[in-house]
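Here is the structure we will look at.
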Amino acid sequence: MTIAPEGRRMLRIEARNAETPIERKPSWIRTKARTGPDYTELKGLVKSGGLHTVCEEAGCPNIYECWEDREATFLIGGSECTRRCDFCQIDTGKPSPLDRDEPRRVAESIATMGLRYATITGVARDDLDDGGAWLYAETIRATHAANPGTGVEILVPDFNGKPELLQQVFDAQPEVFAHNVETVPRIFKSIRPAFRYERSLDVITQGRDAGLVTKSNLILGMGETDEEVLEALADLRGAGCDIITITQYLRPTPRHHPVERWVKPEKFVEFSAEAERLGFAGVMAGPLVRSSYRAGRLWAQAMKRRGVAIPAQLAHLDKESPAAQEASSLLAR
């Protein structure tokens, strides 16, 4: 019996994954720590206030850039997920009881940090009758109420595709409704066994039909081909996805899916161009791009391309600024 570091029995797939050593990253997988006044201030606020962000706790390489933009990401619903995806670092297990005060605390953290844009994501809560829909919706409402000048992007699980649960989130009116497909149909079941590709597309379509700006993400390097990436982009656009981010898979631990390939920046530029051609209103592609990277900028870009006026209280998000991790920026260095 193989034992995981936290003391539990390792799953068969984890033991098989662990037979492959952690891969050496190529030269283009790198970032520079460029701190500025906003990052320094936020760092101090987070430390003094005992606040928790995904940015810090996941060791995101883009924290310096995003915090300079006054953007951050928060995880709700606990630290354990009821589902297991082969790329995801979040633990799988029995979650803690629902914390109904969490929306208020997240909203207060966003206010304390003075964020311009906040991405709120969370774990799947199949243990709850509503799959956690109330928690997601209430966190949007609480954040908007406490921070009228802050954009809110909500990144949700699929709630098993149930319209009545998704509607709770739609009614809270986030600036962006995001659900990540992550990979292509052929390998989807092995990578995300508790999800379904077509169901994820339908979740995005439901968000589109509710009149929201929709968003998804594709992770490359888990066994897909270039042709399958192009097909998935077409599927997403056909489902009504407005914004797409495309990123390189980085293996969190030996127990996770091995990296099948390292996609060069030049290829990311090609995928970005194809996404633009397909009509996505916002595109961000690069090895270290993450789904919440420069999220406020992408939302503003999508609004303009859709011909929708940006609300006055969020006009500060409408600015053109370089994105260091975008593949085209990497090649220009």
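Cβ coordinates are placed from backbone N, Cα and C, and glycine is handled just like the others.
Swiss-Prot names Cys55, Cys60, Cys66 as [4Fe-4S] cluster 1 ligands; from the candidate set Ser272, Ser291, Ser292, the record adds Ser292 to that same site.
For Cys55 ([4Fe-4S] cluster 1 binding site), the nearest neighbour among the binding-site residues Cys81, Cys85, Cys88, judged by Cα separation, is Cys88. Within 8 Å of the Cβ centroid of the [4Fe-4S] cluster 2 site, not counting the listed residues Cys81, Cys85, Cys88, the chain contributes Arg83, Arg84, Phe87, Gln89, Ile90, Thr92, Val123, Ala124.
Mean predicted confidence for the domain 'Radical SAM core' (67-281): the pLDDT average there is 96. Comparing C-alpha positions, Cys66 ([4Fe-4S] cluster 1 binding site) sits nearest to Cys88 among the binding-site residues Cys81, Cys85, Cys88.
The DSSP secondary structure for Cys88 ([4Fe-4S] cluster 2 binding site) is coil. Cβ neighbour density within 10 Å is lowest for Cys60 among the binding-site residues Cys60, Cys66.
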